[in-house]
């Protein structure tokens, strides 16, 4: 679907032409999983897949939302003075949430608007379709209402939508990667301080492949919040030994001197701490052009997520183990929260087709339904895009 078609559909649905167009990417996390809410480091990048929006301000206080991904929902109309979450509004709650959070922060959004959304991120695949929607609405509101929002503040508002409005206790990585992404670069983020560094991703001769299990995962209904609680309990136990504010401040050398009474909490903490160290090592490996070492760190990350953090499951393990068995694979791991969703692999360019065929066959044989495969391109963060046909 071209952007011109989006404009035509906007006019069909809302009766007037749109005035602005916006895009926010999805994201993958190359390494650093379940570290963001533990005060550690993550290493995500923005994708060229994402969420498109076209919009127009209104003269009244009504907000109208329409998504081509949920056409059966029709136009969702909301009064500007009633932005409380409603289950019947589904996806539109993320848009309502951003309006609500910005108003609460003191930004003036005194009239309504019409918004048409089209996402090309598979919903529920773990590529941050919800954070992409939050950020495309954020940049849209910033432009339409001349709010002049600092970009890192906008990232934080996106997280507030997730945490306080939707009720999912997520970290800040997804919104940060989507708001701050840069084409051709990964982004090393310290989730404790929000210090960040761009790292050029020179994967010449290799392709990033996203492997979707096609097993839906609902973050709010998964064991995600349970893992957060377990990490908080593990940190409280560890604070008897060192007064660190987060697991991300611990080193593995320090951790290995501690005896745990609860083996489950020990494993959860071991993952958070070791994964943080792997993420920093991965940045060094990329800087030094040691791609094989980077791939080995990806593999170790998946093993830790499987054994110590227990967030992979049969589908993700089947994909990743099949990927490891193929020639020309630097590394492979699950990405995102887990419990289904996606894995990623870095594969030699000339083996991409045979890789997808072989892994797809192994997966469908074991699981009983097919996986989906996408080649990923690293793109820029959330932004207004020009009003030209592409």
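Yeah, the Cβs are placed from backbone N, Cα and C, and that goes for glycine too.
Pulled from Swiss-Prot:
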- 27: site 'Transition state stabilizer' (SITE)
- 33, 34, 35, 36, 224: substrate binding site (BINDING)
- 67, 124, 125, 126, 127, 128, 129, 130: ATP binding site (BINDING)
- 174: active site, proton acceptor (ACT_SITE)
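Here the features listed in Swiss-Prot are placed on the structure.
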| residue | record | Cβ neighbours (10 Å) |
| --- | --- | --- |
| 27 | site 'Transition state stabilizer' | 33 |
| 33 | substrate binding site | 28 |
| 34 | substrate binding site | 27 |
| 67 | ATP binding site | 23 |
| 125 | ATP binding site | 24 |
| 126 | ATP binding site | 28 |
| 127 | ATP binding site | 29 |
| 128 | ATP binding site | 31 |
| 130 | ATP binding site | 27 |
| 224 | substrate binding site | 21 |
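Look at the Cβ of each of the recorded positions 36, 174 and count the other Cβ atoms within 10 Å; the largest number goes with 174. Neighbours of residue 35 (substrate binding site), defined as other CB atoms within 10 A of its CB across all chains, total 31. Put simply, residue 126 (ATP binding site) is 15 Å from residue 36 (substrate binding site) when counted between their Cα atoms.
Measuring Cα to Cα from residue 27 (site 'Transition state stabilizer'), the recorded positions that fall within 10 Å are 128, 174, out of 33, 34, 125, 128, 174. Closest by Cα distance to residue 67 (ATP binding site), from the recorded positions 33, 34, 35, 174, is 174. In space, 174 is the closest of the recorded positions 33, 34, 35, 174 to residue 129 (ATP binding site), judged by Cα positions. Within 10 Å of residue 174 (active site, proton acceptor), counting CA to CA, the binding-site residues 33, 34, 35, 125 contribute nothing. In the three-state DSSP scheme, residue 34 (substrate binding site) falls into the coil class. In three-state terms derived from DSSP, residue 129 (ATP binding site) belongs to a helical segment.
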